[in-house]
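Asks: Feature annotation from TrEMBL assigns transmembrane segment to B:20-41, B:53-72, B:93-110, B:116-133, B:145-167, B:173-192, B:332-355, B:361-383, B:390-411, B:417-436.
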Amino acid sequence: MSNTEAAFDARSLTKRFGTRTVLDAVSFSISPGEIVALLGPNGAGKSTLIGCLLGFLLPDSGSSHMLGHDVREMPREARARTGYVPQTMGGFGSYRVGQLLRYLAAFYPGAPTPDSAWLSWAALDPKARVSTLSGGQKQRLAILLALQHRPEALILDEPVASLDPQARHDFMHLLSDYCTATGASVVISSHILSDLEKVCSRLLFMRRGVLVLDVPTTTFHAATRRLTPAPGAPADWTRLLPQALHVVGRDPGTNAALVGNWPDHDPAFALDNLPWPIRIERPDLEAAYLEITR
Amino acid sequence: MALWSTTDWRALRQYASPIFIRGNPFALTALFLLVSSLVQIASDGISREHHGANTSAMGISFAMSAIAAHYWRQVDNPIAPTVPGLQRSEYRAALAFAALVGAVLATLLFRSGATSGGAAAYVATALAFGSFVPTQRNGTHVQMALRMLIMLPIMVLSFVPSIQTAMLTLPAWIGWPVAVCAAAGIANALTFDRVRTTDAMARMETMLERSGSAPARRAGRDRGQSTNCLPATLSSSAGLAGEIAAPAGRFLAFLLFAIPSALVSAHGHGSTWHAVAPVVRVQVPLAAALSIMTSGDWLRHRDDWPILFATGFHGSRLNFARALTAAFIRRAVIMSIVNAVIMTGILAAMGSISIAMASSVGLAVASALFGASCLPCAIVLTGRFGSQGLVFAGAILGMILAAAACEGVCLGAEPRLPALLGSVALLLVGVLLLTATPRRLARTDWPLETG
């Protein structure tokens, strides 16, 4: 992959199922080496977006490119540079673990042997029948299968949901090391925000099919604030905020607003012109997620 | 691109390994049917006019269904489309193996006296029908029902000797074009482009809609429909009427296919009712036995068991197993009575059995059908309950025994005492199996289908 070629490039992706718009003009681009978190509640459109990114689903309008190729027409050589971990590992139940690893590895000619760190992390018996593995073991197998050919573009759809905390912790470290070593780009969807916060360089928030916020993780931490006005402030108090601040979420219960573009570098910046006292907090990802995707 | 790549070879090699057989409900059945029927053909020749039914067409169809079932489970999963060339290699391997199987079987039939065109047409047609039976996982109930109906012409081909003989002796100018068309049908049945678009869409839609696991939703739906907390395979939203309608529908659907075929078959012998009736008569016991094919479904489709058991509705494992067995008995009794009534009614109307005999024949037929439907329970007793393929093979064996018993009781030569005793023996075996099943089931691991 050339340094300038985007690993993933979604352009105005729109997808409808019947009359329901599940993705609405979603656009973003992911550069080599980026690890991007795809965040949003159930039904936000994350799995549909992943389906479109991989070329499983055909968008009603817009386009999706992976490693510089339109995913609908991706040549075999380019597809061999990608990997995918599904939510649940289905199929291949009649294989033994070792048999399946060898069988699928054959479709990646010239690929290196599987990384021993990953094999040791997965801790799967090569002679075990796939159909007899537990849900977590199947998920480890799916991760091994997706990574054994060292992909440059990797999509993980809730890969850690059925892993135990130790396995999850180790997985995140290995993934981070893998990307540092190979320069691979990763899109990872998960509801375990604390894990994502540690490894992801960028956050994509989705709400009802719309990409509502696309922000680097460091910027998010530095320039996002939770502003809570004193009781008595009207619901539309945020219209009095300076133009530079961008409201990305609201909490109707407390009348608080989550704002971006906070000038963290300017210690003199204040909200003195508002008629009510404002409590200013640095939100953690979970609190911010709740307000952005509400 | 190479004509035949190393990954194609690897995909093809799977068919010669246990991977192909494991969890493939069609493979063992195909082997059983093919061996028995080909041995029969090798000794008697292809002319079946005086030798009765031969199940080679069913065996060939099941062999293709086994290939297709393996193929679909290889390509119809979330990982397959992302592995470059996997679907293409699996597709080519499935077609190559089907061609190999077809060539071997057609050669055997040709050497047993079939014409070359007849053997090719017979094998290719049976393969083509079998290729449409297993498809992707997502399908409506109507599609599932249609898939079952696909097998009906093959049953006719198996059980109507004159049609079988006529097809095996087709002249080359008819036989080879039929074979080519059938081969094209197979290639179309296994086309995998659908996986990438429509099927994946359906799967994604399901993902979006689900608020829990599929078994949970199904179990919840079933609980909403009935208060007996039974798995989907044993509960009916339409109540008793639905339970009566299902076997009756299968019976009549079979006759709908079988009778026109019988008429075509009898055409060469004249078009009078006297010429046609004997051929039609043979179909009726087969139609009755058809329902046995699904008699093991309650043991094979158990993904909602854990959730239903966890509700505590039935209490202990033994009580849960007893509830399942009782529901199965109820269903099997209804199926047996419905089929026996329809069958004896038709045969009495045709004059094949006297009115005086109808009640005793009906009782014997119902006994045979009930007993045969219990045969899949034998797999539970052997402790191999985890093997869905064995359970299905048990159901197929039951169907074959039921067909033989029904034919013997209704149409066999006098005295019919051996056939009647056979029916009673089947009933006794069934009762014994059912008596032991709940306790054994309660002491057996219930395989968890984890995706």
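Backbone N, Cα and C define each Cβ position, glycine as well.
Note that TrEMBL annotation is computational and uncurated.
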Asks: Name the range, of those listed as B:20-41, B:93-110, B:116-133, that has the largest tally of Cβ pairs under 8 Å with the transmembrane segment (B:173-192).
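Replies: Answer, by Cβ pair count: B:116-133.
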Asks: Suppose I define contact as three or more CB-CB distances under 8 A, residues 6 or more apart in sequence; do the transmembrane segment (B:417-436) and the transmembrane segment (B:361-383) meet it?
Replies: yes
Asks: Do at least three CB pairs under 8 A connect the transmembrane segment (B:390-411) and the transmembrane segment (B:116-133), leaving out pairs fewer than 6 apart in sequence?
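Replies: As far as Cβ distances go (cut-off 8 Å, pairs 6 or more apart), the transmembrane segment (B:116-133) and the transmembrane segment (B:390-411) do not touch.
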Asks: With Cβ-Cβ distances below 8 Å as the criterion, list the same-chain residues six or more beyond the ends of the transmembrane segment (B:20-41) that contact it, or say none.
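Replies: Apart from its flanks, the transmembrane segment (B:20-41) reaches 14, 51, 54-56, 58-60, 62-63, 65-66, 69-70, 105, 108-109, 112, 130, 133-134, 300, 387-393, 396-397.
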Asks: Which bits of the chain, at least 6 residues beyond where the transmembrane segment (B:93-110) starts or stops, bring a Cβ under 8 A of a Cβ in it?
Replies: 8, 11-12, 14-15, 34, 38, 41-42, 46, 56, 60, 63-64, 67-68, 70-71, 116, 118-120, 122-124, 127, 131, 168, 183, 186-187, 190
